[in-house]
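Undergrad: One structure, as structure tokens, below. Some questions next.
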Amino acid sequence: MSLRTTAGLVVASPTPMILLWGSQLVQIYNDGYREVMGNKHPRGLGQPRRECWPEIWEFNAPIFEKVFERGESLTFENQRLVLERNDTPEEAYFTLSFSPVLDDNGDIGGVLATVLETTAQMKRARVEEALRESDERYRLVGRATNDIIWDWNLKDDSLEWNEAIVSRLGYSKAELGSTIEWWYENIHPEDRSQVLRGIHAAIDGGMETWSDEYRFRNQDGTYGAFLDRGYIARNSAGHAYRMIGSMLDLTERRRMEEALRDSERRIARVLKIETVGVLFFDMQSTFLEANDTFLRMTGLRREALQRGELSSELITLPEWMPRTLQAFKELKANGRFTPYEKELVRPDGTRWWGLFAGAQLSENECVEFVIDITAHKHAEQARYESETRFHAIADLAPDMLWQADPGGQRVWVNRRWTEYTGQSSQEANGYGWMEAIHPYDRNAVLDKYRHAVETGMRFRDEHRMRRSDGSYGWFLVEAVPICNDDGDITHWFGSANDIHDQRMTMDRLEELVAERTQSLAESEERFRLLVTTSAQIIWSTDATGRKAEDSPSWRAFTGQDAESWLKGDWKRVVHPDDVASIERAWQRSTRSGQPYLVEYRLWHARSDNWRWVAARGIPLRDGVGKIVGWFGTNTDIDERKRAEEEVRRMAYSLTMAEQEERRRVSQILHDDLQQLLYALQMKLRMVSNRLTLDRQMAFADMVEETRELIKQAIGTTRQLTVDLSPPILKTEGLADALEWLQRQMLELHGLDVELITGRTMPALDEDLRVLLFQVVRELLFNVKKHAGVDRATVELKQTQQDLIIRVEDQGLGMHKATGAERQGTGFGLSSVRERLRQVGGRMYIESSLGRGMQVIIRVPCNTLSVGNIKE
Amino acid sequence: MARIFVVEDNPLMRDMLTEFLALEASLEVVGVVESAEAALERFPVPSPDLVLIDMSLPGMSGMELIRKLHEQQPGLPCAMLSGHGEKHYVEQAFDAGASGYILKGEPDELPLAIQQILAGEAFVSQELQR
């Protein structure tokens, strides 16, 4: 066929055909083919094939090659091609046949293709297939799912349910309604209108899907919560004709949600617990979240936590890091770690103890609970230290001490126990200590001890225990239960006191007691007799000394009645002259707590006279030395006192007699001996003269020698005269005598005495004059001998009451206590004092070391005459 | 020859003084009495050149006697003869009007003292001048 013939055939054919001519495969197609061309027509007429259909050239090229080169005809049925005939790629199906067309030369000059488009048939077939598969899947899903699936045909309002509705809601197939009304009716009345509004709005509004939550009635009348989602199927015109939905039972989910909320609430509450720190952290131990308690415990700040800056290293002490890492390792391996305690540090440096427990929550999240146990730890530490201290002290105790548990099992013994018994602590523990009990005592001790432990009563027993050397000693063993606040026995505490010696001496003591009882009774009788017959007065008062207790002995002595005595009316039976000194002494003692000691005259009822008594009182003190009362005695010293008075009187007489004797001797020395010696001297002088005249020189010399001896005798006599009794005292007053003494002291002893005397001086009895002169002379001798100075002052003056002599020096002074030692020869200060006392005078000494001394002598004017001195 | 009147209560001393002074050629004892009172009563006439008076006399003392004599005869030389060695007696004696104080110690002093006093000089025993 020629080109023209072929082209004519193509154009005339109703079947879509296209002729591709020449090497360029120029297109010539008929009207039938125009639909295939799309918007490539009319440009495609006369256009080379490749240029017109580049998108399928890959498919075309081999075909044309085969047709041209081999003259083959090729056919393709429902070939899928993606064309761009309407600007966008489009899937299309064709049944094709290609055959060669010969040119005038008989060569293949072109290709004739008939094209039958099958796209519509192909697509329909695929939809049908998809629908069929979809239906199948739908049915399978409907059967397999727990969800309740419904299928509503909007055209006739029929409704189909899958089987889940039977199993989930309890309806039998017979009960299931087959229309949409049945569905409506079983929606909870409160939800129904809302559901209807919603679903119709979706259908009418052109929506593809609808969903709502509502309560749907179960077969048993209860309602369950459901999430219902529906797909609205529409035709090409957009009219809805079918709706398929699934009801998801929310009851469980709601319950789960509620449970979750509860759980969350609980967790929130847990996190707010003030005593438990809660920490969330990841597997790198970085803190993720923590409650306030944890932050308070650790002293960390929430801001730092939120910035992810916190981790275990920050709060854990270095020495506790290994333990912490071990817990972390355990957590990784087991999902949890064994609770453990550790000491931590806060950023401010304070330390605390925590108890940690933790678990892994998820792959990278862990939770840890912390309790602050610092107080507990400190208490534990204090208890430990206390116990350690107690044991250390107990080890020092000389007694054996031990501790047992509530069941009586010994858990600890002190060092003394192990030393004495030779048992080790381990040996003594439990009931091992029984080994140390004497075999004879052992069973009884065990019974008694067990009874004590069972009843919780104190244990007390005396028994023998074995010493490490095998000997036995007696012990008093006691054990007391120690209870806690609840009254439960926490342990027993026991001690063993060595009473061996005591026990051994007991028998001997008992013997002795028996022996002595008789003699004691006798002695007691003697004592009772002594008390009742004693001349002693016994009295006692309260601490202030104001309130006296009844004193029968006082009353017996003084004849005073009890009432007067108790009223404190003692003055009525005391000599009026002595009351003041008693009061002074008593005040001094009650103020100072020093013993009370005073002598006074007390009325003696029986003899109707005053009698001297010596009162002695001592303070009674309590355990801390506080005075609780006074106890005293009065002893009758009248005899002694009278004897003393007599002695004093005799002493005075003696002094006076001595003075008189001195004076007499002095006078004899002066008036007789001295005259005699002087006469003798003159006589010998005359003898000597005569011998010289007679030229008897040897005798003359002898006489002269004798005269020299007599001269010495005269000198001695003269001095002795003065010493024994200054002649001036006989003739002159005291002032003159003192002036004489002043000169004497300067001339003979080199002591410069300043003498100060009043204008008028009383005329003194010679004896008193002599006494006072001697006193002053003695004091001046004292100054000379002891004061270490060469000056002294003597002042003589008279007041209305007293004659006063003051002797003062600026020398070395002395301690009062040693005053008695500073005595002159034969006439010391004490003798001065005594002599003054004889005339009712007193001597006062004021002195201290290095401050000189002042002696003041007072003689009452009314006794200036010796005749006034009482016998 | 100087005339001496002696007042001395001790009999032995009276005799001895008389005897001792008699040995001195220039002296004459014109009278010896035992007390001051006696001296005043029996004072020699004509008046002696010197009165030797024992200080310690019973009754009126030697001092007093000197005062009395001086009241009657001012300027009458009087010498105190004394056994007392205290210096204040010397002063008292001179205050009373004595011209000398002779200690009963060394008899050789006695004529010496008398001569010195008669010559108008005061005399105090050697022992008291130390």
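Cβ coordinates are placed from backbone N, Cα and C, and glycine is handled just like the others.
Note that TrEMBL annotation is computational and uncurated.
The following feature annotations were taken from TrEMBL:
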type	residues	note
DOMAIN	A:134-206	domain 'PAS'
DOMAIN	A:210-262	domain 'PAC'
DOMAIN	A:263-305	domain 'PAS'
DOMAIN	A:386-456	domain 'PAS'
DOMAIN	A:459-511	domain 'PAC'
DOMAIN	A:523-593	domain 'PAS'
DOMAIN	A:596-649	domain 'PAC'
DOMAIN	A:772-863	domain 'Histidine kinase'
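So that I understand the layout, could you describe where these features sit and how close they are to other parts?
TA: Under DSSP, residues within the domain 'PAS' (A:134-206) fall into helix, strand and coil as 40 helix, 12 strand, 21 coil.
Per-residue confidence over the domain 'PAS' (A:263-305) averages 85 (mean pLDDT, predicted model).
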Undergrad: Which residues, given as numbers and ranges, are at least 6 beyond the ends of the domain 'PAS' (A:263-305) yet have a Cβ under 8 Å from it?
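TA: Tertiary neighbours of the domain 'PAS' (A:263-305) are 311-315, 328, 332, 344, 346-348, 350, 352, 354, 361, 363-372.
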Undergrad: Counting by DSSP, what is the helix, strand and coil composition of the domain 'PAC' (A:459-511)?
TA: 12 helix, 30 strand, 11 coil
Undergrad: Could you tell me how many residues in the domain 'PAC' (A:596-649) are helical, how many are strand and how many are coil under DSSP?
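TA: The counts are 12 helix, 32 strand, 10 coil.
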